[in-house]
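> Have a look at this one before I ask anything.
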Amino acid sequence: MANEYIFTSESVTEGHPDKMADQISDAILDYIIERDPQARVACETLLSNGFCVIAGELKTAAYAPMQEIAREVVREIGYTDAAYGFDYRSAGVLNGIGEQSPDINVGVDQKGGEIGAGDQGLMFGYACKETKELMPLPISLAHHITRKLAAVRKNGTVPFLRPDGKAQVSVKYVDGKPVAVDTIVVSTQHHETVSLEQVQKAVKEEVIDPVLATYDIDISDITYHINPTGRFVIGGPQGDAGLTGRKIIVDTYGGSCPHGGGAFSGKDPTKVDRSAAYAARYVAKNLVAAGACDKATLQVAYAIGVAKPVSIYVDTHGTAHIDEEKIVSCVESLFDLTPKGIIDSLDLLKPIYKKTAAYGHFGREDMGFSWEKIDKVDEIKAFLGL
């Protein structure tokens, strides 16, 4: 008997308050790391009704104009009028950044250029064959819809849309393989004079339909919920407070694999919450691309101030084409998962982070992220004899 189930993932637009916070934190990180690649940055952002608070810890010789950076991010997102729920010109911006603890710094910066993990913790990476970019289909579809929502708003195709929005996609699986889209939920902020029918028609025809047309999957029997509450005028930080690091499942795999709990945005790459999660994706994707397995979950864990991982775990979910112990040995032999090894191999001391802060950190091959490369495939095949 076939094993059937429905799995759901969500995404949010760049104008969602939590994503606004992520983008501000990462824009500050980019500004600093471009001028001081050895900086230590832990930047958190809070957004609420008409104001923004920037907090955290820094160790850098660079000066960052926090107010200007934050306002420019908000402007780029599209909050250019107080009627939208936030205005980049009039919002108050409070800077509460402090200096990094010397106790943490001693453990991170070690002799000989080695870098200890910035904290203890566990991180996960994942890859599967559901899409060409080796990502789970539900989160891939959800991100595609939210990106399209922003695109048609910004290019004027649907001028009455506003920046805040969300999408959720439920996919039917049979024996572990996606076979049909079951339900799509979209909630989007809009101008107050627009009717629900106008919003529903525009979102279906200009956003959802073009996205679905790019996927080879059954779309014949989808249930649609577009602005199911009927009205979404008050949005952005006026509707809900936003905070860095509150969309960690949106940022990763949509719930398709475990999450270690550490957020990404605002953290320089000595923080293994971020860099090791990128490395884990890199490893998992290369294992699947090499044909070692069809699906891979990788866990890596660290102790603060210690460079080498305390554990590496690989789960192929029964899809391995070779002994799993050999796969673990392959990972340990071919991938340097120390913080310095990750930073060097993935070239992470660059201002690349704001681009990651909306629409997911993984599966976005068009952005040129180093952890999405499959340049270890030949080495893996040679090691495993594939």
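Numbering starts at 1 and runs along the chain as displayed.
Cβ from N, Cα, C; glycine included.
Keep in mind it's a predicted model, so treat the numbers as computed, not measured.
Dumping what Swiss-Prot says about this protein:
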BINDING   H16, D164, G165, K166, R231, F232, D240, R246, K247, A263, K267  ATP binding site
BINDING   D18  Mg(2+) binding site
BINDING   E44  K(+) binding site
BINDING   E57, Q100, D240, K271  L-methionine binding site
REGION    100-110  region 'Flexible loop'
> Around R231 (ATP binding site), how many other CB atoms lie within 10 A of its CB?
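12, counting other Cβ atoms within 10 Å of R231 (ATP binding site).
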> Given the binding-site residues H16, K267, K271, which one's Cβ is surrounded by the fewest other Cβ atoms within 10 Å?
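K271, out of the binding-site residues H16, K267, K271, has the fewest neighbouring Cβ atoms within 10 Å.
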> Between the binding-site residues E44, G165, K247, which lies closest to K271 (L-methionine binding site), Cα to Cα?
E44
> Cα-Cα separation of G165 (ATP binding site) and D18 (Mg(2+) binding site), in Å?
11
> Among the binding-site residues listed here (H16, R231, D240, K247), which has the Cα closest to the Cα of E57 (L-methionine binding site)?
K247
> Of D18, E57, D240, which of the binding-site residues has the most Cβ neighbours inside 10 Å?
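Result of the Cβ crowding comparison: D18.
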> In the three-state scheme derived from DSSP, which category covers the residue listed as 'K(+) binding site'?
strand
> How many Å separate the Cα atoms of H16 (ATP binding site) and the residue listed as 'K(+) binding site'?
16
> For H16 (ATP binding site), which of the three DSSP-derived states applies: helix, strand, or coil?
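In three-state terms, H16 (ATP binding site) counts as coil.
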> Determine, to the nearest whole angstrom, how far the Cα atom of R231 (ATP binding site) is from the Cα atom of E44 (K(+) binding site).
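That separation, Cα to Cα, works out to 31 Å.
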